[in-house]
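What TrEMBL records for this protein:
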COMPBIAS  1076-1086  compositional bias 'Polar residues'
DOMAIN    86-177  domain 'Ig-like'
DOMAIN    181-274  domain 'Ig-like'
DOMAIN    288-364  domain 'Ig-like'
DOMAIN    380-466  domain 'Ig-like'
DOMAIN    478-546  domain 'Ig-like'
DOMAIN    548-637  domain 'Ig-like'
DOMAIN    648-743  domain 'Fibronectin type-III'
DOMAIN    748-841  domain 'Fibronectin type-III'
DOMAIN    846-948  domain 'Fibronectin type-III'
DOMAIN    950-1057  domain 'Fibronectin type-III'
REGION    728-751  region 'Disordered'
REGION    1046-1086  region 'Disordered'
TRANSMEM  1097-1118  transmembrane segment
Amino acid sequence: MEKAVSCDTSRYHNLGAAEKCTEETEERSKKLFVPDVEIYCGTMRSLRRGAVALLRFITCVCALHRTSALNIPLEVLSYVNIEQLPTITDQSPSSLIAFPFDESFPVTCEAKGNPEPEFRWSKNGQEFDPSLDPRLIKEENSGTFVIPNNGNLTEYQGTYRCYASNKLGTAISREIEFIVPNVPKFPKEKHDPVVVEEGQPFTLQCNPPKGIPPLQIYWMTISLQHIEQDERVSTGLNGDLYFSHAIEKDSRRDYCCFAAFPKIRTIVQKTAMSVIVNTTNAILQRRPSLLTPSGDQSQQQLVKGEDLKLECIAEGIPTPQVEWLKIGHRLPPKAMKENHGKLLIVPKVNQDDSGKYMCKAKNGIGEAVHYFIVRVEEPPEWVFEPESQLSMVGSDVLIRCSATGTPKPAITWRVNGVLLQDSPAENRKFFDDTIVLYNAKASDSAVYQCEASNRHGTLLSNANIMVMNLPPMILTKEGEEYPPSTISWSKDESPDSIQVQELRSTVHDNGTLEIYSVEKGDTGQYTCWAKNIEGSSAIEAQLYVKDPTHIVVAPEDQQILIGNTAQLSCQAEYDKSFSDDFELLWEKDDVEIALNYTEDSRYLIEDGILHIVNVSHEDQGVYTCVARSSVDQDTASALLLVLDVPDAPENLVLTEHKGRSVKIKWIPGDDHNSSTTEFIIEYEESQWEPGNWKELLRVPGNHNSAILKLQGHVDYCFRVSGVNTVGRGAPSEPTERYKTPPAAPDKNPENIRIEGQLPHEMDINWEPLVPIEHNGPGLEYKVSYRQQDVDLVWTEHMVKRHSFVVKNTPTFAPYEIKIQAKNHQGWGPEPNIVLGYSGEDFPSAAPDDVAVEVLNSTVVKVSWIRVHRDKLHGHLGGYRINWWRLRSLVDSKKNHGEKFAVTFPGDHNYGTIPGLTPFSEYSLIVMTFNGRGNGPGSHPVNFKTPEGVPEKNPVFRVTDVQKHTVALAWAPPFEPNGILTGYLLEYQLINDTEEMEPLQTVDISNPLTTKWILRDLEPLSKYRFYLRSCTTVGCGPVVSEECSTASESTSTTTPPAGHSKSASLTPASVPKSRVTKPTRSTIGLTSSHEGISTQGWFIGLMSAVALLILSILIACFVNRNKGGKYSVKEKEDLHPDVESQGMNDDTFCEYSDNDEKPLKGSQQSLSREIKVGDSGDSLVDYGEEDAQFNEDGSFIGVYAGQKEKRAPVDIKDTAQIPA
């Protein structure tokens, strides 16, 4: 804030008056001391020492350098030849409208300064020089230019700003918008007549064009006679003409809407509209509903000072009356009602006029309400407008700018017309709403602009900041006098005066002390001192500063379903000294809610939350939270709307009985704050299904009548129910019964189906008419048919059932069929003709030129030539491929396997067969099929699949474990899928951390080998072994086994082959071996048997056994080489059965037939062979997405059988064991 200190020199009658003034001022300034503020006092003594004695009064000017400034008139500075910054003295308003009847439009900008300022303009943010346009009139020594009204003005439309500059700085004008209005016009349009039934509401829309406000709407006839308006008929704020209900005299053809724009002296007319009112004998009363506004609640924002206009126009019979309320308050005294009470006007609103308003439209039947949430916003207003200042060099200069408004204004700073951030200065700092120039220099002189703006307006202020040193000047005029006394304030008996704090307190001219933004620290006893040369007087006042009572969590508007629990929150803060007196109350519709806290009470307050249990319709209203202390209170209100399904419609009436049509009317029930979206009309008839209500019609929620189209010969009863967003309401009471006369059928049977179960028959079936569609007794059907393009005459039969069989028809011949309904009153409408076919027969031809293309070892593509349609004898179902395996190419013996089939629906000439066994010979046939069945098959085609990789070995196990050796045995794969070339055996050591050592590989090139001994292994170590069978294509999937070698004291041996029990093994029957660790008992048992091996009889027995085994091996080898190939039985005999060999419990083995992959360091070796082909072929992979399989040879989507059962393989100990 600013504080000027002055003294009255009239009390000093000598030439030293100025010096004494200085001394007194310095003394007084000590009492008004502001920290960091210097006080300067100067007189004209240094300028005109001799003139001091001639002056009666001298004013001492004391400047508080931080905040105070001296506004010296420009004339004074000019007189002493001091330069001054530019100042805008005149400018155009922010909006400049080019009315067509004005001759010219001056755009004004005038300014003063020393030196004289120069002017420039911007338009829409770009430089604009009026002198470059010869059509513009430019005034000398002025920034004003004139736009003449002699041509197209639209090119001058835009936003202008004036800049007035001299060498000290630049002042700017507000933004000036030059508006060139368009001539408003209604569009040319043709209106259909508005047809309305007597008693129903309707609206005529005006939709006026946009133009310069204000807008005035008039409804008149073509002859310029005003449309009479009253409680029933009225014009809305939007210009539409509303009719609460139509009467006969509303019918006319010349309703015209006129839109008047007074500022541009223009009136435009809309094309005339026509209204036709159909009279009726029954006009029912109905409860009110609002034509405008829509919904239950709306919001309205307006600017402070504008007129608030709220409108409610209702329809109903009788015509509703409208009442207005302000929730929680009385209507403002300045409020006015117009338009027969439908319009509420509150002129020049302010913040007190904000709140919730309610309009209520009532008649004798019911009422309708609408709530308005009104928010009053404000354009910017200055709180602290920046002021021009004259400051000394070296002082600190403060420039403050603050504005209030709703919404909060945005503040933009400029210096000399340039945005502050684009013109930096080292000694300039910005704090919140204040700019500080530290240690100001003369070069800091400038014009600072502060602009505050929100969506409702803009404020602009130019502050001239002059930094210079001035000699003393006399500014007072001769004859001025000063008050005879001075006023000061002290606090809490302090002898010093209260410090005049910056922007926080002010002592007014009348002595009043005003403290802004009171704080708790301001509490205390204040003393007012009045002093003059005669003495002093004082008065005391005690100030208590309390925290205001304030609601911090206010209740919010709610919509809640009936029967639920509503919760309204309210939390307040208050001064703790009022704890004993503070109370939090709740009111409903301005009546305090009584709380009895019984079991039956539905109101409960807990932690500031009002709970309303089992909400009912009576709980709807405005709830106000009142936070009250002994000195103040705060309130907050919320609207609680209870939602429910619509009430049942009432007063159902049937009118306009016209045989098979009737009009139904009803009065809608209360929609309970959720607008009715539709009405459902149901009927019940007494003959076919009495007591069963069925839906007949749905109509929009804004209708209360409907025309019902009915069936003949039915005794009807009707009821209506409403639907809103909550749900469907209860139905109304039923109407009286209404029986329609009989009539001919309105429709014929639908969903006619023509089928042929046998080749020379045609079955015709249809969906019969339901009983209510008979329209009378004696319903029959006429079935008419004829062969297409053969018969000219229809064959007709009358039947009462809903099916008919035509005998002795040609096979699969096209027929035209039509079915017509008939009863005792006559025939139904002419039926539509339906095309169908007689019964199908089996196809008589097979596909030709069947060819097979082998795609890979498991998939082939089959192609054929389609069967001609004449040979199909029916609708083409598709093609089917049957195939079977003849043999494996490993064997020469043929063995027909199980048949498989795949179906391709539709018209195809190729297909793929997946899932074949590699290295095999197959045969296939192709056939077509229709609805009757399969046709003949094609000639069989044989084909062979190429070699593939073998299957997994079914058996792989450890047969003997020693200290440094492990014996392995396996069985060949069931399906080698080619000629076996050998086996790939790999193994690796597993260390103590379960990590894998590098793989060791053994290539076994003899396919007859089924045993192997691995040597030079680490004792007491765990190993993993991998085995794969190989063909020339590659190696198959891996099978693995783990085992631990024995210690020095442990030895396990495999019993002789002659002592092995032979067994047949398959993959499913191979059990996993148990891994057992040696115990003390097993080790001791092994040691006790070591002495037997040194006995002579034992050595002889072992020699005989070895000789016998050698003889068997030689015999088998000779027999094998003799035949070259061997049968499956011989193959089985050659393979040892390792399952039956005795497994010592001392071995550390575990069998695994999983495809386990090696761990660290082993992947590279295992993957070095050719990758196993993916045998999981699918038809999708080969483009046959529609191929489908079935289980019986005609199946769709899956294979038609299981793979051939494989014979068990015996593993025998006659195979070679390489050393």
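Cβ atoms are placed via backbone N, Cα and C, with glycine included.
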Which of 86-177, 288-364, 380-466, 846-948 contacts the domain 'Ig-like' (548-637) most, counting Cβ pairs under 8 Å:
288-364
Would you mind splitting the domain 'Ig-like' (181-274) into helix, strand and coil residue counts from DSSP?
6 helix, 35 strand, 53 coil
The domain 'Ig-like' (548-637): DSSP-derived helix, strand, coil residue counts
6 helix, 44 strand, 40 coil
Could you give me three numbers for the domain 'Fibronectin type-III' (950-1057), the DSSP helix, strand and coil residue counts?
1 helix, 46 strand, 61 coil
Across the domain 'Ig-like' (380-466), the model's average pLDDT, rounded to a whole number, is 90
Can you tell me how the residues of the domain 'Fibronectin type-III' (846-948) break down into helix, strand and coil by DSSP?
3 helix, 52 strand, 48 coil
